[in-house]
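Heads up, the thing below is written out as C-alpha cells.
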Amino acid sequence: MEKTKDPADRSSRSERKRRDSFGMFDGYDSCSEDTSSSSSSDESEEEVAPLPSSLPIIKNNGQVYTYPDGKSGMATCEMCGMVGVRDAFYSKTKRFCSVSCSRSYSSNSKKASILARLQGKPPTKKAKVLQKKPLVAKLAAYAQYKATLKNQSVNKAPVTVEGFSWGNYITSNNVIAAPVTCFRHAPMGNCWGDIAEGVRIEVPNTDSNLPTKVFWISGIVKLAGYNALLRYEGFENDSSLDFWCNICGPDIHPVGWCATSGKPLVPPQSIQHKYTNWKAFLVKRLTGAKTLPPDFSQKVSENMQYPFKPSMRVEVVDKTHLCRTRVAVVESVIGGRLRLVYEESEDKTDDFWCHMYSPLIHPIGWSRSIGHRFKRTDILKKQESNYDAPSHLFIKVKDVEQGSEWFKEGMKLEAIDPLNLSAICVATIRKVLAEGYLMIGIDGSEAADGSDWFCYHASSPSIFPVGFCEINKIELTPPRGYTKLPFKWFDYLRETGSIAAPVKLFNKDVPNHGFRVGMKLEAVDLMEPRLVCVATVTRIIHRLLRIHFDGWEDEYDQWVDCESPDLYPVGWCQLTGYQLQPPAPQSNKDGQSNVSKQKKKSKSQPYKGHKKNFRKPGNRP
C-alpha cells in the first residue's frame, strides 16, 4: 500500500504576475491636486476635516451625509417601518432599509422564515454562534433603527439546516467543489497531500447486522472539499450504497488501521456472499493503491488547534464607525474564527466576528503606531483576567517603502466598497498613515465627519488603479449623484482637479490559487459575518473572486480576494462545528425577483450604478 506524499516535499506553488494592463491610465494629471488632511491623536478620537461645504449636506438621525445632487429624498422600509434617506436604502427598488429587512420580507411572505433562521441561535452548542438583535448597518439610519429596536419584541426561530446535505447538493446539481488546497488558512490546507479519487480508507460498515461496530474498506469516488463520496470495496460499479462523509472525521482511517487496532474488517452483508475468499480479493484490489498517511488523524488534530484564546485583547475595526478601531476581547474561537466582544459591552452582546487572519484585527497599540483613529476604553471597565494578544499571532502585511512617489492624499483609485461588497467604486485617498496604511473614502457617499472612511493597506487586493474595472469589464460604481454618464475617468479627474494613484504602487501579484468558475464552497457573508453560507465562485478576475450566495439574488454577491480567510472548503462547518446557512428556497428567490422586475428603476434617472448598502461590517453576529 502506497502512502501519500508529504506536501512539505513538494515544490511551492508557482507564482505568476498579473499583466500590467493599466499603464494607459497611469499619470492622469490635472491643473491642481486636491489634498486635504486631518489631524490625528494617539488614543482618542481625532477630528476629521469636513468635506467641502459646496456640497449639499443632509442630516439623518445624527449622521451627516453629503450628496452632490441634493435630490436624495426620503423612504420608508416596508418591513420595519424605519424612515431614512432614500439613497441609503438597500437594493434598486429602495423598498427596504437593509439586507435583513429585504430577506425577512421575502421569507415571511412565503412562510419560509429564512431570516429567522439566519439570525437565530443555532441548535448545536458547539457552534456557540450567539443570538442577538440585528443591527441595521446603514450609517444614515443607524440611530433611528436602534431606537426602534427598543420598542419592538422580535421572536426569532432557531437556526436550522434540516434537510440540507452537501453530498446531495453536489450530486443533484452535478457541480464541483473547490479543493482544500485552495484554502491555505483552513485546516489541512497546507497538508492535503495526494488525497484524491481512488484513495482507499477504512470506515465503519453501516451495512451490517452485527451488534458491534465493524469496519470495511472504501474507495473515494468523488471529492468535494473535505467531503468524499465513498463506495465499499466489492460493489464494483454498483452505486446503491455510496455515501458521503467528511474525510477529516474521527471514523476515517488509513488502510491497515483495523489490523493494528484490533478492529474487525467485515464486508457489507449485501455482498458478503459475492466472494468466497475476501482476503485474496482485498490483496488484489489494494495492490498499488494509495491510502491516507498514517499520521493523518494527528495532522487533522494539530490543524484544529488555534493560537488565539478567550480573554485575549485585540484592536478591531469599530463596526459603528469604520474609520476607527476599538479594543475587543476574544469570547470564543471556532475553526479559527473569533467572536470578539467590544470591551465596553457590559452584557457581551456588542460583538464582531472575523477570522484570526483577518486584516481587521491588530495587536494592542497598533492604532497608535500608525496614526489610526482609536476609541479609548474606560480603564475602570477592564477585567484583570483579560490580557493583550501577542503581536506575533497577527497576520503580517507586506513591507512597503513609502518614498517620494508614494500614495498621496487626494489621489483617485478604485476600491471595493466595505459597506457594499458587491460594488467596486470610485474612491479617494483621504489620509496616508504609517507603515503603508491608507484611509479610503468612497466618492459621493462619505459621511461629512469621515466616520465611514476605511483603512486599507497599500498591498491590499481590495484596491485597484484607475481603469481596472474598464479593462476587466467590471461595472464601476460612479460617485452617487454623478450625472455625466457613462462615467469617464479622464473627465472626472479633470473636473475634480485630481490625479490617479500611480499604477506601480498597487499589488499585482496573482497566486496560482486553483479556483475555477462554478466551484462550490462555504463563504462568510461579510455583511453579517457570523454567517457562513453555501456559495459559488461565479467570476474570476486575476486574484479577485465574485462570490454568489446560493439561493439569493446577484445583488447580494461579494467581491473577495482568492486568499481571503473568509472562504472555506465544503465541509468546513461540519468539521469545526460551525452552523452552515443553506441556500434560500427557490420560491423565495423567485418572489424577490418578481418584485424587483415589477419595480425597476426608470431609465430617466441618471444614476445607474450599484446603490450602496449602508451596512456596517460585522453586525450580524
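Backbone N, Cα and C define each Cβ position, glycine as well.
Predicted, not measured: the structure shown is a model, and the values here were computed from it.
Features reported for this protein in Swiss-Prot:
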- 1-21: compositional bias 'Basic and acidic residues' (COMPBIAS)
- 29-41: compositional bias 'Low complexity' (COMPBIAS)
- 68-103: zinc finger (ZN_FING)
- Cys77, Cys80, Cys97, Cys101: Zn(2+) binding site (BINDING)
- 374-479: repeat 'MBT 3' (REPEAT)
- 487-583: repeat 'MBT 4' (REPEAT)
- 597-621: compositional bias 'Basic residues' (COMPBIAS)
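All features noted in Swiss-Prot, drawn onto the structure.
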| residue | record | Cβ within 10 Å |
| --- | --- | --- |
| Cys77 | Zn(2+) binding site | 24 |
| Cys97 | Zn(2+) binding site | 32 |
| Cys101 | Zn(2+) binding site | 24 |
Exercise. For Cys101 (Zn(2+) binding site), name the DSSP secondary structure in the helix/strand/coil scheme.
Key: helix
Quiz item: Reported in the order helix, strand, coil, what are the DSSP residue counts of the repeat 'MBT 3' (374-479)?
Solution: 13 helix, 37 strand, 56 coil
Exercise. May I have the DSSP-based helix, strand and coil counts for the residues of the repeat 'MBT 4' (487-583)?
Key: 19 helix, 33 strand, 45 coil
Exercise. Going by DSSP, give the three-state secondary structure for Cys77 (Zn(2+) binding site).
Key: coil
